[in-house]
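As recorded in TrEMBL:
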{"type": "BINDING", "residues": "Phe120, Ala121, Ile122, Tyr125, Asp210, Val211, Asp212", "note": "UDP-N-acetyl-alpha-D-galactosamine binding site"}
{"type": "BINDING", "residues": "Asp210, Asp212", "note": "Mn(2+) binding site"}
{"type": "ACT_SITE", "residues": "Glu302", "note": "active site, nucleophile"}
Amino acid sequence: MAGMRRAPAGKTKCCSLHTVTFLLVTLFLVLSGTGFRILGNSMLGSRQAGVGKRGELDGLQAVEPSRMVYGQPKVLTPCRSDVLVLTPWLAPVVWEGTFNTDVLNEQFRLWNATIGLTVFAIRKYMVFLELFLQTAEKYFMVGHRVTYYVFTDRPADVPHVPLREGRRVEVLKVPGALSWQEVSMHRMEMISNFSQQRFLREVDYLVCMDVDMKFCDHVGVEILSPRFGTLHPGFYGAAREAFTYERRPQSQAYIPRDEGDFYYAGGFFGGSVVEVLQLTTACHQAMVVDQANGLEAVWHDESHLNRYLLDHKPTKVLSPEYLWDRQKLGWPPVMKKLRFVAVPKGHLDIRGS
């Protein structure tokens, strides 16, 4: 046809020869299995190098899995028959007896994940920080890299607690608040801001906790998931009508009485940094709208957290083992372990300061 030029005969033969050679080499690689090994090693190398982990390559080397011997899971034998272990949207509910710590630790060791823990020690709440950190070093993410992000208005008073290898404390100075309600209302904003400024580059997961607590047993990688919430110890057995959701339709945190899955505690939530950024940003923006309309949700950031997790279901739910008040609730048989518990205190003395 007009406008089309023929390639010289010699060039055509050369291209044909290259094509045949390429096909023969490809066939050899496939038959020998080398091609699959190259592809597999390339994919593993990309994961271990941190692609998609914190948004950039960090040069990590592939970690070889170690041989493990453990009991076989039994398809016809449920791990727990006395509690809910799976939500209707197929998110695991984490109880003692539903996971194998050794298997999980090995999986996260292969990825070499770093966990950030945020905690607010504002004004007199600083008194709880030392016990919090001491018990965290004993029970929290043992064997994994951890960065404790301490938000405080009293940096000089942050205690020096001996830390395991690969773990550190980062002090983040924030303005002192006038009341515990203000700390609660601004917590989402500060976590959101620092997630954008630092956390996205520094850690893989964020765990957000209350400081007036102590660890009493293992809290490890079994909690980690893109987005997780914790069942409130006061409502885990209650009907949704009894939940203390925000019930005023004018509020951004409003949940009708015929809606709701669980009541989640504001003192223990988290996930990947990207997911926590989205959660905290959305909750903060909702609070700003409420404030502009002269409203404050009944339980502050916890009310907005519950609204968000109703609309954006958690990918994992932690049982009340992970947030408990033994002084108020005792130790019921359904709780095989109490992992993270409230420290006895006089609320009026602390919150009124």
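Positions of Cβ are set from backbone N, Cα and C atoms, glycine also.
Since the structure is predicted, the reported quantities are computational estimates derived from the model, not experimental observations.
All chains included, 22 other C-beta atoms sit within 10 angstroms of the C-beta of Ile122 (UDP-N-acetyl-alpha-D-galactosamine binding site). In this view, Phe120 (UDP-N-acetyl-alpha-D-galactosamine binding site) is surrounded by 27 other Cβ atoms within 10 Å of its Cβ, with every protein chain counted. Highest Cβ count within 10 Å among the recorded positions Ala121, Tyr125, Asp210, Glu302: Ala121. Same-chain residues with CB within 8 A of the center of the Phe120, Ala121, Ile122, Tyr125, Asp210, Val211, Asp212 CB atoms, the UDP-N-acetyl-alpha-D-galactosamine site residues themselves not counted, are Val119, Met126, Phe128, Leu129, Val183. The separation of the residue listed as 'active site, nucleophile' from Val211 (UDP-N-acetyl-alpha-D-galactosamine binding site), Cα to Cα, is 15 Å.
Rounded to a whole number, the distance between the Cα atoms of the residue listed as 'active site, nucleophile' and Asp210 (UDP-N-acetyl-alpha-D-galactosamine binding site) is 12 Å. If you measure from the Cα atom of Ala121 (UDP-N-acetyl-alpha-D-galactosamine binding site) to that of Glu302 (active site, nucleophile), you get 18 Å. A straight line from the CA of Asp212 (UDP-N-acetyl-alpha-D-galactosamine binding site) to the CA of Glu302 (active site, nucleophile) spans 16 Å. The Cβ of Val211 (UDP-N-acetyl-alpha-D-galactosamine binding site) has 23 other Cβ atoms within 10 Å, all protein chains considered. Cβ neighbour count for Asp212 (UDP-N-acetyl-alpha-D-galactosamine binding site) (all protein chains, 10 Å cutoff from its Cβ): 23.
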